[in-house]
């Protein structure tokens, strides 16, 4: 009986997702961090500000439940695998 109970506990732990394991790179530190539950997309936004000619485009990386909406003069890409939004 104890063996059956232990087996059921192990199977339950294996089958349940006890934590969100999906991760994306996030700014400002450009390091991989876990996403919140329900956020299963990684995104990269890039755009030019007034310093673009000196230091290049501004980059924003993060997690999202849906791909962020298009914005004028901003490039937005989304992907759905762990850490797929590497810094361009």
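The backbone N, Cα and C atoms fix where each Cβ goes, glycine too.
Taken from Swiss-Prot as is:
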{"type": "SIGNAL", "residues": "1-21", "note": "signal peptide"}
{"type": "DISULFID", "residues": "24-42", "note": "disulfide bond"}
{"type": "DISULFID", "residues": "35-63", "note": "disulfide bond"}
{"type": "DISULFID", "residues": "48-52", "note": "disulfide bond"}
{"type": "DISULFID", "residues": "67-78", "note": "disulfide bond"}
{"type": "DISULFID", "residues": "79-84", "note": "disulfide bond"}
Of the disulfide-bonded residues 42, 48, 52, 63, 67, which sits closest to residue 84 (disulfide bond) by Cα distance?
42
Could you check which of the disulfide-bonded residues 35, 42, 48 is the closest Cα neighbour of residue 67 (disulfide bond)?
42
Spacing of the two Cα atoms, residue 48 (disulfide bond) and residue 24 (disulfide bond), in whole angstrom, works out to 23
Ordered by sequence, the long-range same-chain Cβ contacts of residue 78 (disulfide bond) under 8 Å (at least 6 apart) are 41, 42, 43, 44, 64, 67, 68
Taking the Cα atoms as reference points, how far is residue 35 (disulfide bond) from residue 24 (disulfide bond) in Å?
7
With neighbours defined as other CB atoms within 10 A, the best-packed of the disulfide-bonded residues 42, 63, 79, 84 is 42
To the nearest Å, how far is the Cα of residue 24 (disulfide bond) from the Cα of residue 52 (disulfide bond)?
25
As a whole number of Å, the Cα atom of residue 63 (disulfide bond) is distant from the Cα atom of residue 52 (disulfide bond) by 25
Tally every other Cβ atom lying within 10 Å of the Cβ atom of residue 67 (disulfide bond).
14
